[in-house]
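Worksheet for the structure shown next.
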Amino acid sequence: MGNKKIVLAYSGGLDTSVAVKWLTDKGFDVIAACMDVGEGKDLNFIHDKALQVGAVESVVLDCKAEFAEIFVGAALKGNLMYENKYPLVSALSRPLIAKKLVKVAKEKGATAIAHGCTGKGNDQVRFEVAIHSLAPELEVIAPVREWHWAREEEIEYANQNGVPIPADLDNPYSIDMNLWGRAIEAGVLENPWNTCPEDAFFMTNSVEDAPNEPEFIEVEFKEGLPIALNGKIMELHEIIKEVNIIAGKHGVGRIDHIENRLVGIKSREFYECPAAITLLKAHKDLEDLTFVRELAHFKPVLENELANLIYNGLWFNPATKALIAYLDETQKVVNGIVRIKLYKGLATPIGRKSTNSLYSEKLATYTAADEFDQAAAVGFIKLWGLPTQVNAQVNLK
């Protein structure tokens, strides 16, 4: 009887490379699976390295389009920002990665899935809750959480077992990156008084180094999702990639956040999210043009709930599914074009138009072209204020 098969979420870094050897020693045949969600890594290198360190099979899946359309798409439709600051960069990718891990496990006949998360962060929760939501029968193993090694011990184990040490191991920061942005933590950032050194950034210029002239872009939306950039029809993941480059050049999207983690601690996180910040602002601006007042006022309440659900690893919870269905209904009118000014760290919508626009210049103008019936205001004010007036008559004695 052969070894049991396990699918490992493989990144090519030290932790998951050591995990291949560690799991092999535990009696597993390791199938390494790497999901490309736009982190810009050399996937051929990762594929080959997995085999080099002992995986019996290496699988690389291009998930950029699905990640953009389904997961980032929901974030855009919902204007999702955890604690009104963090656009859910890592949190959005975890359920997709978990979904693909389960798919590979079922296709390969694996009985377990492994990930490289520590026991201190949010991602362990996101992965394991998602996996058990999709395949309760699968065992989940977290080698890094189990072995409790210091970094020096891990390096010693790697050297003893012929596991290559990554060239960037001396990088003091912990980095996670995908299409929607880049998360930076650890190192000097663990002291919340310290500013983030410029060498930690990759996607964005500093405001000081950003161009001294503004740049203008136009984003076209259809039912809440971008479909064109500067008049060119593109796939959503292509639009995001291009806006990351353009807005990042102008220093847009740097976020310094003291974050309340799911596991109960506060963490200090830096994010680079040029496309996320730019497209979220454009999307919200178009909603302001096309939503009735009641929807514009109510939707943010549910947006906050949905952001919390996704941050907390509950993408596959029925509540999340219901709220995303609500978002889809609201977005039917969010069609049009938004013009955005990019300059010195700011993405500012400066123009918008839509066939679903509820703005009427004839009603809003103060010129002779005004069609608003101002005489009707007298009766409206009387009825609108009637409850307050009655309360005053009864209680102000």
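Placement of Cβ uses the backbone N, Cα and C atoms for every residue, glycine included.
Taken from Swiss-Prot as is:
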- Ala9, Tyr10, Ser11, Gly12, Gly13, Leu14, Asp15, Thr16, Ser17, Gly116: ATP binding site (BINDING)
- Tyr86, Asn122, Arg126, Ser174, Glu259, Tyr271: L-citrulline binding site (BINDING)
- Thr118, Asn122, Asp123: L-aspartate binding site (BINDING)
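Taking the features listed in Swiss-Prot, we show where each one sits on the structure.
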| residue | record | CB count, 10 Å |
| --- | --- | --- |
| Ala9 | ATP binding site | 24 |
| Ser11 | ATP binding site | 21 |
| Gly13 | ATP binding site | 17 |
| Ser17 | ATP binding site | 29 |
| Tyr86 | L-citrulline binding site | 22 |
| Asn122 | L-citrulline binding site | 19 |
| Asp123 | L-aspartate binding site | 22 |
| Arg126 | L-citrulline binding site | 27 |
| Glu259 | L-citrulline binding site | 20 |
| Tyr271 | L-citrulline binding site | 26 |
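Taking the mean position of the Cβ atoms of Thr118, Asn122, Asp123 as the L-aspartate site, the remaining residues of that chain whose Cβ falls within 8 Å of it are Cys117, Lys120, Gly121, Gln124, Val125, Arg126, Val263. Comparing C-alpha positions, Ser17 (ATP binding site) sits nearest to Thr118 among the binding-site residues Tyr86, Thr118, Asn122, Glu259. Across the residues annotated as binding L-citrulline (Tyr86, Asn122, Arg126, Ser174, Glu259, Tyr271), the two Cα atoms farthest apart lie 19 Å from each other.
Taking only the Cα positions, the spacing between Tyr86 (L-citrulline binding site) and Asp123 (L-aspartate binding site) is 15 angstrom. Separation of the C-alpha atoms of Asp123 (L-aspartate binding site) and Ala9 (ATP binding site): 12 Å, rounded to the nearest whole number. Take the CB of Ser174 (L-citrulline binding site) and look out to 10 A: across all protein chains shown you find 14 other CB atoms.
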